[in-house]
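K.L.:
Please find one structure pasted underneath; my questions will follow.
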Amino acid sequence: MLPTESKKALSFKRYIEEGDLVIVYERNDVMKPVKVIKDGVLQNRFGVYKHSDWIGKPLGTKVFSNKGKFVYLLAPTPELWTLVLSHRTQILYIADISFVLMYLEVVPGCIVLESGTGSGSLSTSLARAVAPTGHVYSFDFQEQRAVCAREDFEKTGISSLVTVEVRDIQGQGFPEKLSGLADSVFLDLPQPWLAVPSAAKMLKEDGVLCSFSPCIEQVQRTCEVLRSYFIQIRTFEVLLRTYEVNELKVDTGSMIGENQDADNEESRPSKRKHRSNEDDTISHDNSYNATSVVMAPPCSEARGHTGYLTFAKLQCLYLSLKGWIYNSTSYHVLDTL
Amino acid sequence: MEHSKEDQKINKAQDPNPRFASEGCSVLLDVNDGDRLVFARLSGGAIFKIGNTNYSLKPLIGAPFGSLFQVETGEDGSFLSRILPVKKESTSVNVIDDDARDNRELIDDNESQSLTCEEIEAMRREGAKGDEIIEALIANSKTFDNKFQLSQEKYKLKKQKKYAPKVLLRRPFARSICEAYFKKYPARIGFIRVDALSILLTMANVTAYSDVLVVDMVGGLVTGAVAERLGGTGYVCNTYKGDSASSVDMVKMFNFTDKVKERIVHSSINELSSAKTAPPEENNQQESSTCDMVEDVSVTAEARVDDIAVRESKIIKAPQPGVKASKEAVEMWKENGFSSLIMAAQDQDPWTLAKDVLPLLSYSAPFAIYHQYLQPLATCMHNLQQGKMAINLQITEPWLREYQVLPSRTHPHMQMSSFGGYVLSGIRISTT
């Protein structure tokens, strides 16, 4: 999914090969990840699609089933992956993910720690942000989830960027070997305040921590602990409102028109029929004047709450370059991990 | 290739971000916890004004990002001095619950403070520290003791901001740059709020080794934010109508290494979409004229934005961001297409631009289009649907609310930004 070298960038990777992961797109809300295998077939309500027909085609094109119905084959991105991955836990969605990446100040080469791994929705986006030289260390206390996440990262081709370990971060804290190496730490835990002291130890000076919690009580307790180690503590809620786009016929005829008698009323339906054959804006009767307009109302339902995002920066205590040099020597330890 | 000392140091430590503010680098000064955000370029002679006093920024050189400074008065007048944060013990919730004091006795008659302005000034001249002035103010306040505990804290904070302002040295980042502009000059960045910017970067799948096409008419905010995520790989190519590239001056506020800067290029829409023959002489000429223009804009723009004496910036000058895309790069993009697109063009019709720019993308390439208004995006989306040019189309509007989190006093901020822009996102597909 992510290019680890320039040759693998999307713009160079235009044709589907055997072994590729593609996203089969039926509709906005019907998508499926499929690994292309030579003898493979995909079956859905539109019929049977042979993988062998796909190989050699450019991504982003239509492919047809035996019944002549088509789907699109797309290159996987973390955004599409978030929509198709199997939910082992509640996952983070695009608005939260985007905001977290921005506020954690994650750039290529960064070391990011994350707990829990969950379904790996955020991990995938973190991996994209640290690529090609950085690394994501992800921890989950459940063996099964860690195994599934590793399989997923293998499937999406990001396993070289993400290491998943089984560990109870609330109980044990992050592993000692990562001390002072992390640029950012992300916590999605039931009791994040328990992990704050360890997170502070892992971070470089001025490093950023983010804690995601659905309940305000969790935020409250976390912030109390954060104040001992961190500055610039800020809590946000970010949501998305989506809009539909509809083309509508709107009557733009004036209300005050020429006087009409019953005959005129009778003739209207036939006029409308007549108009449908012509350009739809032409009307001789200014009491009914249909204009086609594109309008965008908000969707009537939306996700109302995901979680609160609390960000904080580790206090900077070093006075001189010395402290930093100490930090940078420990940085090299990383190679031996 | 010449690298500055700082660059070498960074390369050695493999740190993706500079940890120390060096001479000549761009910094963000955060006064009193976000009350005022100011960009500055550090130099021995740089001056920063707080209240009516000018302070030299010299003490900031060499300090790690994230360090805190406070105004102190010495023999030679006031100066900025590094302070270490005090470990705060978390306040007990019980105390607050039991506090029965309230504001029933409080009368706003402007007579509660017996210390006069003259007396405070005299204290300052004698070299009193900010904290000492605040203590004196509290001692001379008739109402302080009767105040609710929370009001006492508020009072102290208010006085601290006035008499002992704190300056936090921050590293400029896409996030902080966007926030600072949104707060002070939102029109210059097309009213892009930081959450909208984050969605643009995500929806356009910006990652290392990608070739991102941008239409940046928001001063370089988008170009800079993309370059930050590319980390010196791939390209961010800013395209434009007509002959001259739009100014991407804001890029200078990021402390990009040469490696990252080399990846910021521009090319006109005509060059990117035209047939392969373009006279090379004409191109060279165009390059030099574009650079001149960018430079002119930069001096004025920086002086205005920084709200600081930037005369020094002439001595230590950051190189102009963005060079013309090489012929090889343009050929490569014609051959393979760009891997994604971000458009943030003020006062432009998104559909008019999109229909010219979208064909420059690879199939399956994601794109994100920002606009301050909904209607032009709706029309654009409708036309893309009708023309079957893209799928997975969606218009979203991010909503961001900040919270005050304090013991027994947690609530959303009383004031919030109610609008941060609209984003149309989608994926380009083959029409055949």
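Heads up, residue numbers simply count up from 1 along the chain you see.
In case you wondered, yes, glycine gets a Cβ from its N, Cα and C as well.
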K.L.:
If TrEMBL gives A:Ser119, A:Gly120, A:Ser121, A:Leu122, A:Asp140, A:Asp168 as binding S-adenosyl-L-methionine, which of A:Asp188, A:Asp206 does it give for that site as well?
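P.N.:
The candidate from A:Asp188, A:Asp206 that TrEMBL ties to S-adenosyl-L-methionine along with A:Ser119, A:Gly120, A:Ser121, A:Leu122, A:Asp140, A:Asp168 is A:Asp188.
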K.L.:
Specify the count of other C-beta atoms within 10 Å of the C-beta of A:Leu122 (S-adenosyl-L-methionine binding site).
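P.N.:
Neighbour count, Cβ to Cβ under the 10 Å cut-off: 28.
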K.L.:
How far apart, in Å, are the two Cα atoms that lie farthest from each other among A:Ser119, A:Gly120, A:Ser121, A:Leu122, A:Asp140, A:Asp168, A:Asp188, the residues recorded as binding S-adenosyl-L-methionine?
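P.N.:
Value for the max Cα separation, rounded to a whole number: 20 Å.
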K.L.:
Excluding near sequence neighbours, so keeping only residues 6 or more apart in the same chain, what lies with its CB under 8 A of A:Asp168 (S-adenosyl-L-methionine binding site)?
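P.N.:
Residues satisfying the criterion: A:Phe141.
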K.L.:
Taking the Cβ of A:Asp188 (S-adenosyl-L-methionine binding site) as the centre, how many other Cβ atoms fall within a 10 Å radius?
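P.N.:
There are 24 such Cβ atoms around A:Asp188 (S-adenosyl-L-methionine binding site).
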K.L.:
In this structure, which of the binding-site residues A:Ser119, A:Gly120, A:Ser121, A:Asp140 has the fewest other Cβ atoms within 10 Å of its Cβ?
P.N.:
A:Ser119
